[in-house]
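Trainee: Starting off with a structure, shown below.
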Amino acid sequence: MTTDTTGRTGNPAATASPDRFRYGFLKGNPQLTKNGELKHLLSIEGLPRSIVNHILDTAEQFVSVTDREVKKVPLLRGKSVFNLFFENSTRTRTTFEIAATRLSADVLNLNINASSTSKGESLLDTINNLSAMHADLFVVRHASSGAPYLIAEHCAPHVHVINAGDGRHAHPTQGLLDMYTIRHYKRDFTKLRVAIVGDILHSRVARSDIHALTTLGVPEVRAIGPRTLLPGGLEQMGVKVFHNLDEGLKGVDVIIMLRLQNERMSGALLPSAQEYFKTWGLTPERLALAAPDAIVMHPGPMNRGVEIDSQVADGPQSVILNQVTFGIAVRMAVMGIVAGNSD
């Protein structure tokens, strides 16, 4: 048994089964106040549809801010946002930093490699010390599933926590920006067929997307990938599972491609990247099997020639770069909702 950065033995998500779709540490809904308001954003799982729609509606208001000469609103003026990235992600950290800055917050990016956790201090000791510096909001990315929940349970009452990705478990703001992108282009969730393709087993994005899609009433969600890269429990969520890409893509309105997360794999689950592309890569020919107006999405980073062809990634049906743009507005909305009305 090992001791993790929390200072406790085992994993913060000790009851989680990495091969299953659901995680065992999700007991109750610690994200909501007694009045049903959003205090933390830890997972899309368990969020009422009304809150998800409220976030998307608020994000729509913030999209116009990016087009203004002065790209700032005073919603978080005087608030301190700490970006705590225990796992690297330049793209996600940067968009959170931009979002907080546009809300007029003071932003601190903690250099984890130089922090006390690398000197043996526990995660909770680090959080308690940062809370003593009058932080208002922690944006947390961690390699251990459940770490943001642990922080939310133990941080000071006035502090809010946003999960920026924890292990295989969840990436709620990516899921929300994906939903915003789909709504922007397709409007009505209740008439869509959405395909998620690739390494779903290791993907926190896939889990967040599936919870969001089912919450918003999408009638048909498809999971497409090799048997070795699909978790159990998908069918219980109402997801249709396909082990043939061509069959799975027929008639879909939205395609969400996922990269191979080799850093989370143990053992040889797949042949070479070239063989993977041959069987599972999205090419123009395969895209033609989808609905004529289908859109192509990808949470990034992309591996061209592995899960997606460059002609598709750069083609007219790709909305991948717009996902990045919308992501700033969605993260502004989340931060504004959880921390904007705090005393």
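The backbone N, Cα and C atoms fix where each Cβ goes, glycine too.
Predicted, not measured: the structure shown is a model, and the values here were computed from it.
Checked Swiss-Prot, it gives:
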type	residues	note
REGION	1-20	region 'Disordered'
COMPBIAS	1-14	compositional bias 'Polar residues'
BINDING	Arg91, Thr92, Arg141, His171, Gln174, Gly300, Pro301	carbamoyl phosphate binding site
BINDING	Lys119, Arg204, Arg259	L-aspartate binding site
Trainee: In the structure shown, which of the binding-site residues Arg91, Arg141, His171, Arg204, Arg259 has the fewest Cβ neighbours within 10 Å?
Mentor: Arg91
Trainee: Pick the one among the binding-site residues Gly300, Pro301 whose Cβ has the fewest other Cβ atoms within 10 Å in this structure.
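Mentor: Pro301, out of the binding-site residues Gly300, Pro301, has the fewest neighbouring Cβ atoms within 10 Å.
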Trainee: Other than Arg91, Thr92, Arg141, His171, Gln174, Gly300, Pro301, which residues of the same chain sit close to carbamoyl phosphate? List them in sequence order, counting a residue when its Cβ is within 8 Å of the Cβ centroid of the site.
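Mentor: Other same-chain residues with Cβ inside the cutoff are Ser89, Ala164, Gly165, Val205, Pro299.
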Trainee: Using DSSP and collapsing to three states, where does Thr92 (carbamoyl phosphate binding site) fall: helix, strand or coil?
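Mentor: Looking at the DSSP assignment, Thr92 (carbamoyl phosphate binding site) belongs to a helix.
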Trainee: Look up Arg141 (carbamoyl phosphate binding site) in the DSSP assignment and reduce it to helix, strand or coil.
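Mentor: Assignment for Arg141 (carbamoyl phosphate binding site) reads strand.
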Trainee: Enter the number of other CB atoms within 10 angstroms of the CB of Thr92 (carbamoyl phosphate binding site).
Mentor: 23
Trainee: If you measure C-alpha to C-alpha, which of Arg91, Thr92, Arg141, Gln174, Gly300 (binding-site residues) come within 10 angstroms of Arg259 (L-aspartate binding site)?
Mentor: Gly300
Trainee: Could you measure the widest C-alpha to C-alpha distance across Arg91, Thr92, Arg141, His171, Gln174, Gly300, Pro301, the residues recorded as binding carbamoyl phosphate, and give it to a whole number of angstrom?
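Mentor: Maximum Cα-Cα distance: 16 Å.
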